[in-house]
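*Asks:* Quick paste of what Swiss-Prot says about this protein:
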{"type": "SITE", "residues": "ARG47", "note": "site 'Transition state stabilizer'"}
{"type": "BINDING", "residues": "ARG47, ASP53, HIS54, ASP56, ASP199", "note": "alpha-D-galactose binding site"}
{"type": "BINDING", "residues": "GLY149, GLY151, SER153, SER154", "note": "ATP binding site"}
{"type": "ACT_SITE", "residues": "ASP199", "note": "active site, proton acceptor"}
Amino acid sequence: MSISTVDDLSFYSNVEPNQQRFTEVVKTFQTNFPGDDITFFARSPGRVNLIGDHIDYNFFPVLPMAIANDVIAAVNVNSTNEIIITNTDSKDFLKEVIALRNSQIDQEHHSWANYFKCALIVAKQYLEERGVTSLKGMKLTFNGNVPTGGGLSSSAAFCVASTLAIIRANGITDLTKQDLTRITVVSEHYVGVNTGGMDQCASVCGEPDKLLLI
């Protein structure tokens with residue numbers, strides 16, 4: 001099953017506040033990158049787990065579901081040699097510039113950019129599988145309403161949205177949910193987070209009003 005695209009925000013149960021979020025993302029993007037166009041948006045939801053916390057990475061079953069809270073990103077694709085990430089919450093998430101030639105994670109530099117680099121690492125590997133060896137530059141503005149540290153997988157939502165954005169920016173339009181799940185399951189391992197795949201699978205494969213037995 002391929003990743004779907006949307007023409008409106010009707011997939012949200014409550015459209016108005018999310019329309020305001022998208023408007024805020026657009027305005028912040030235009031402020032951060034005046035004169036640059038938004039090429040597309042990327043989105044990935046958080047998740048809640050009903051049964052089986054912290055046992056997925058020991059190969060036991062879990063029962064999560066995706067939630068409406070999500071991470072969204074306005075994405076510009078360009079021909080530079082860098083990726084610039086910004087956030088509507090510029091106080092807590094500072095602007096970061098990431099060189100395409102060096103996605104190495106600096107464990108001494110505790111920054112949200114490390115999680116984006118996790119996405120960049122796995123996206124690069126997938127793109128190489130597909131024959132893409134030269135990456136596009138990007139400019140992104142993120143917004144997230146998945147509570148950080150709230151047990152709803154804000155980091156997984158961020159990594160999945162980032163991975164999806166990178167792959168789409170580099171011309172892949174037939175990415176499947178299976179492949180996106182496969183490559184993002186290990187993404188947070190690069191910052192030392194022990195994940196077993198529940199978070200990413202729920203974020204990628206979750207459907208409205210449905211639980212996932214994983």
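Each Cβ is built from the backbone N, Cα and C atoms, and glycine gets one as well.
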*Asks:* What is the one among the binding-site residues SER153, SER154 whose Cβ has the most other Cβ atoms less than or equal to 10 Å away?
*Replies:* SER153
*Asks:* Provide the three-state secondary structure of ARG47 (site 'Transition state stabilizer') computed with DSSP.
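*Replies:* DSSP call for ARG47 (site 'Transition state stabilizer'): strand.
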*Asks:* List only the single closest residue to ASP199 (alpha-D-galactose binding site), chosen from the recorded positions ARG47, GLY149, GLY151, SER154 by CA-CA distance.
*Replies:* ARG47
*Asks:* Once the chains shown are all counted, how many other Cβ atoms turn up within 10 Å of the Cβ of GLY151 (ATP binding site)?
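*Replies:* Result for GLY151 (ATP binding site): 11 neighbouring Cβ atoms inside 10 Å.
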*Asks:* Starting from the Cβ centroid of GLY149, GLY151, SER153, SER154, which together make up the recorded ATP site, report each further residue of the same chain whose Cβ lies within 8 Å of that point, ordered by sequence.
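*Replies:* My list of surrounding residues reads GLY46, VAL146, PRO147, THR148, GLY150, LEU152, SER155.
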*Asks:* Measure from the CA atom of SER154 (ATP binding site) to the CA atom of ARG47 (site 'Transition state stabilizer') and give the result in Å, rounded to a whole number.
*Replies:* 8
*Asks:* Specify the count of other C-beta atoms within 10 Å of the C-beta of ASP199 (alpha-D-galactose binding site).
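*Replies:* Other Cβ atoms found within 10 Å: 27.
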*Asks:* Determine the most Cβ-crowded residue among the recorded positions ARG47, GLY149, using a 10 Å radius around each Cβ and all protein chains in the structure.
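*Replies:* Checking each of ARG47, GLY149, the winner is ARG47.
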